[in-house]
Amino acid sequence: MLDIAFIRENPDIVRAAIKNKNREGIDLDRILVLAEERKNNANEISEINRQRNVAQEARDGEAGKRLKEELKAVEEKHQATEKELVSLLIKIPNIPSADTPIGPDESGNVVIRQWGEKPQFPFAPKAHWDLGKNLGIIDGEKAAEVSGARFVYLKGDMALLEMALMRFGFDTLISEETLKKIIDGAGLTVSSKPFTPVIPPILMRSQVMNRMARLDPIDERYYFEKDDMVFVGSAEHTLGPLHMDEILKEEDLPLRYAAMTPAFRREAGAAGKDTRGILRLHQFDKLEMETFSKPEDGLAEQNLMVAIQEYLLQQLKLPYQVVSICTGDMGFPDQRQIDIETWMPGQDAYRETNTSDYIGGFQARRLNSRVRRTDGTLEPVHMNDATAFSQRPLAAILENNQHEDGTITIPEVLRPYMGGREKIEAKK
RNA sequence: GGAGAGGUGGCUGAGUGGUCGAAGGCACCGGUUUCGAAAACCGGCAUCUGGGAAACUGGAUCGAGGGUUCAAAUCCCUCCCUCUCCGCCA
């Protein structure tokens, strides 16, 4: 949710954001009228209450009764205004950052840099679903019988590889030394405070998800009506509300958290897309980063998130490109979205493996997560969320490190987590 | 799931219809004392919000929402949460 004062002062910026993010049809003038009405009603209520307090003091039952009726009428009006205002307000998307490309859809995204050499194969490289099936480490068929489409069993070395990947990610995020190295390497000036590892809930109240501006579209969520709860679509959804209704101390910022959880997505509207392999599942594991920072540090914080993502992929020696997501393709609460696409030779394409969302104070405003500044004022804390690793890099490892005989070379950095082994081979 | 007890300021804890935004204690801030510190003593100290340059001042807030009443932290209803015991369970 945007700050109403900001909307009042910058209607043109807000209008542009609505248009560029393809959210037309929002009546901004109505919002401004309602905001004015709300303020007037609040003042009126305040005045009636003052008179009521006087009447109480005087034990004046007659005046008290009359004022109570008056109050009731104004309060009803006030609540109706408030309700309509908030319902309109939460439809306004966050304002894209100045460096976000303007574009209608993913065709407007801009590749900002590429890293790594695409591997050359003296044979036709296979896609990970074929590699995984042949090695007996990805089983989509049995999963389909048991759970339906878009589920898989990861077995044997694939299961171990995932644990290795996630553990490597965690170890990177909780090491101040490594973070320092990453920060220096990227030429950033941000805190090197390490991430706190968290095991968060993956079921949450729908209301809180709504305060994260992530409930809509509800079709994308697994919703348990009886309990009014939803499955998280990402650990972001329960890490973000970790400080709701709190006032944070400026000196405690940044706060950084990392959590690996299953993520659940209904993939409504993605029918027929990526039906093979592990790129688009209803349930997948993801190691997520979530940070809370001072408003002025929020953008630099996102740059750190991206630097970490790049470091992780570089350590795996996976070629990738960094993409600045344009206005028409970016998330509703995002101020700036940077994706990383990793090269998948079996599909002859870069595929999205990481995303990082700079949210600014957009979620914090509804979550009521604020920071007390040294001058005593309160501001919404700025939030960033970003993928460290999902399961998608596993697909990239399989495809990039494959051999003609179908075996896979395990990335060096993951070997210590896999008993020092160098290769994944078919079980004899 | 069953039974019971609770949710009050940064913490603790009193408060069962008006004099309560809320005693006392702890913590914190300032002062006296001291060479300095501790202790003791004195004073201050919730949050949000409208108006105002400020001094100051109006309003709201005792888990959330609704109700009774001229008046609610206090009475009634609904919901949420926490704790204890039992049941069940990893």
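Using N, Cα and C of the backbone, Cβ positions are placed for all residues, glycine too.
Checking the ranges A:64-91, A:260-287, A:344-371 against TrEMBL, the coiled coil annotation falls on A:64-91.
Neighbour density for A:Arg265 (L-serine binding site): within 10 A of its CB lie 19 other CB atoms from the protein chains shown.
Ranked by how many other Cβ atoms sit within 10 Å of their Cβ, the binding-site residues A:Glu267, A:Glu288 place A:Glu267 at the bottom.
Long-range neighbours of the coiled coil (A:64-91) within the same chain, counting only residues 6 or more positions beyond its ends whose Cβ lies under 8 Å from a Cβ of the stretch, are 1-2, 4, 23, 26-27, 30-31, 34-35, 37-38, 41-42, 44-45, 48-49, 51-52, 55-56, 213, 366.
When secondary structure is read from DSSP and collapsed to three states, A:Arg266 (ATP binding site) falls in the coil class.
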